[in-house]
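Per Swiss-Prot, these features apply:
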- ASP67, HIS91, HIS123, HIS124: Mg(2+) binding site (BINDING)
- 10-221: domain 'HD Cas3-type' (DOMAIN)
Amino acid sequence: MILGEIMEVLAFKNQSLIDHVNDMVKYWERIKYRYLKTIKRALEALNIKLDIEKVDEFMKILIKLHDIGKASKIYQRAIINDQEKLMGFRHELVSAYYTYHILLKKFGDKNLAFIGALTVMLHHEPIIMGQIRNLKKKELTAEVVLDKLKKFDGMIEDFEDLIKKLIGYSIGDIIKNDSNKDDIIRFVIEMSVRARHTPNSEKLRFIVGTLLLPLVMCDYKGAESREGKAPKFAEVLEVESYVI
């Protein structure tokens, strides 16, 4: 389902979050039959069994929520006003927090929610890992998480309405509407530790990699209508979508 206009929450300076999500969903509808069975088999590696319709629903939730962290006050201030700075803030860490809780509510499976949230958290992996290396760290440590979220000061006033339009749930029925920064920091640190030290870490990386390809493809395709220079990944996108 393509979403109607809600409010002017921006994903990019020249594209609203809703328009970005709509374009991503449209592109997913074009390519999904190439990926649904592969994703289904990948999830089965961790004994997560979903039928094709549920896999489709799962992926659409990732698409709709992957940038929900951009509905944070700090991000909207920075994108509207060039004088405002993000100060290292990474929206995907906030997106992962909400994605986990919404997936858990929707599917009732902690492992599936974790995988989905981790995928969302890593959908800009080259950026965040590059920033970590600049801090002379090798991984998403507590210190790094604190640095990336230190300026986070909550979500926009109409966040609950935005979530309800995107996924049909009231966020107040799932978690606190204006989650405490400490809650998000604690969650991201726990995710990072679990991802590195789980006994099934190799399977986990395989599954997340399987999910990241179509998610990132849709993300870049969904940004095509914005003004500005096309991202380099667009070259990969053209190869992947050539026969569609």
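Placement of Cβ uses the backbone N, Cα and C atoms for every residue, glycine included.
Quick caveat, the model's predicted, so the values are computed rather than measured.
Positions of the features from Swiss-Prot, shown on the structure.
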residue : record              : contacts (Cβ under 8 Å, 6+ apart)
ASP67   : Mg(2+) binding site : ALA11, LEU17, HIS20, VAL21, HIS91, GLU92, SER95, ASP219
HIS123  : Mg(2+) binding site : HIS66, GLU92, LEU212, LEU215, VAL216, ASP219
HIS124  : Mg(2+) binding site : ARG90, GLU92
Around the Cβ of HIS91 (Mg(2+) binding site), how many other Cβ atoms lie within 10 Å? Please give the count over every shown protein chain.
21
Using the CB centroid of ASP67, HIS91, HIS123, HIS124 as the Mg(2+) site centre, which other residues of the same chain sit with their CB within 8 A?
HIS66, GLY69, LYS70, ARG90, GLU92, SER95, VAL120, ASP219
Check the domain 'HD Cas3-type' (10-221) for me and report the mean pLDDT.
88
